[in-house]
Amino acid sequence: MEHVTMAVTSSSPGPAPLSLLSNNDDFIAPFNINTKFPSAIVPPRTSSNQPISVAIPSNRISSAGLAATQQAQTRKRKASVAQISLPSMLPTSFSPYTMAPQPPQPPPNPDRFATEDFFSPSRRTWSEEKEKVLTGPYDYLNGHPGKDIRSQMVKAFDAWLDVPSESLEVITKVISMLHTASLLVDDVEDNSVLRRGFPVAHSIFGIPQTINTSNYVYFYALQELQKLKNPKAVSIFSEELLNLHRGQGMDLFWRDTLTCPTEDDYLEMVSNKTGGLFRLGIKLMQAESRSPVDCVPLVNIIGLIFQIADDYHNLWNREYTANKGMCEDLTEGKFSFPVIHSIRSNPSNMQLLNILKQKTGDEEVKRYAVAYMESTGSFEYTRKVIKVLVDRARQMTEDIDDGRGKSGGIHKILDRIMLHQEENVAQKNGKKE
């Protein structure tokens, strides 16, 4: 057994040298005999300036070999430290909110709060980068656009209302903003996983940020609306936003209390929730138009058609399954139009009600629920209701048009709804169109 004597000196206490803190292989810590030779016995240090006697098995390393190892490591460490400066250890780029190294600052002076004007326009620091942070979830969802039915509706009704182009641009933008913002909240409240075939915004940005963004966009839309300079605009906005939240509130209440509404309760809810944004756009257009045509009764019927058709497609449509997941309304526990009909067609059978209670993601259970609803005639009933409402909307469209030949846009929208429904039935029946 040979003994190697190493002189270890210590300076005053202070932060560890950079070479001790780095995990980079280029930074070699000073020779640590405990690490290199775990079996070595290091006696307690009694003085920072006294030699440390370490017993090392002679068959492991010689004193000459140890000295050579120390010298090589010291040279490598000095070379590495000389080549690598502190900034190279930091990220190569910084976002506006990454903490970059700052020079020492003088301590803050609390006396400045007695005199400084913190609210002057020159001190405001709201920037484009901050705006992007706030609108992140909204921009994300906008980056995966839907079918843009609402802007198509605006154009179709404008054939009768002839709204000035500047006003129409504002109205179209406001409706789009409100619709997208409402979807952000809907996905949170419904515990959705997919929207338009992509992960929902709150699964990426988090629930708090997504809710805040949605609320922010509501008020941003209100600010945008004031460009119309129409005293009726704000009143229309507040009335229909209240209706939207009333409808959504009842929908959530029925789901969370497992309360099956009546068909009339459902229709009232849809008129508020889905019809609200449809009416908002048309009422704003009428407020900016010189035409005396009242399109609100027609848009109310169209709102019913859209929501009932959406409920139907959620449980029946393959494309819907790809975009939002299989029978998402069943997983949510939602009392949709076919579900309400099925439950009330046989109140003594509690199976469907219990499936809703489970909020299941099991596809076999959901297939069973769909088969049960089919056995109660609920899908056939829903298809008939949609057709009756579409026929009613067509008649109302012709009454409004009164032979002027400006009803084509509305008829195209209604045609698309019926075609979509027929294609879904054909797919289910295994037919080829």
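Cβ coordinates come from backbone N, Cα and C, glycine included.
Going through His179, His202 against Swiss-Prot, the one listed in the isopentenyl diphosphate site together with Lys147, Arg150, Arg196 turns out to be His179. Using a 10 angstroms CA-CA radius around Arg196 (isopentenyl diphosphate binding site), the recorded positions that qualify from Asp186, Tyr218, Thr274, Lys324, Lys334 are Lys324. Taking the centroid of the Cβ atoms of Lys147, Arg150, His179, Arg196 as the isopentenyl diphosphate site, the other same-chain residues with Cβ within 8 Å of it are Pro145, Gly146, Asp148, Ile149, Thr180, Leu183.
It is Arg196, among the binding-site residues Arg150, Arg196, whose Cβ has the fewest other Cβ atoms within 10 Å in the structure shown. Put simply, Lys147 (isopentenyl diphosphate binding site) is 15 Å from Gln307 (dimethylallyl diphosphate binding site) when counted between their Cα atoms.
In the structure as shown, the Cβ atom of Lys334 (dimethylallyl diphosphate binding site) sits within 10 Å of 19 other Cβ atoms.
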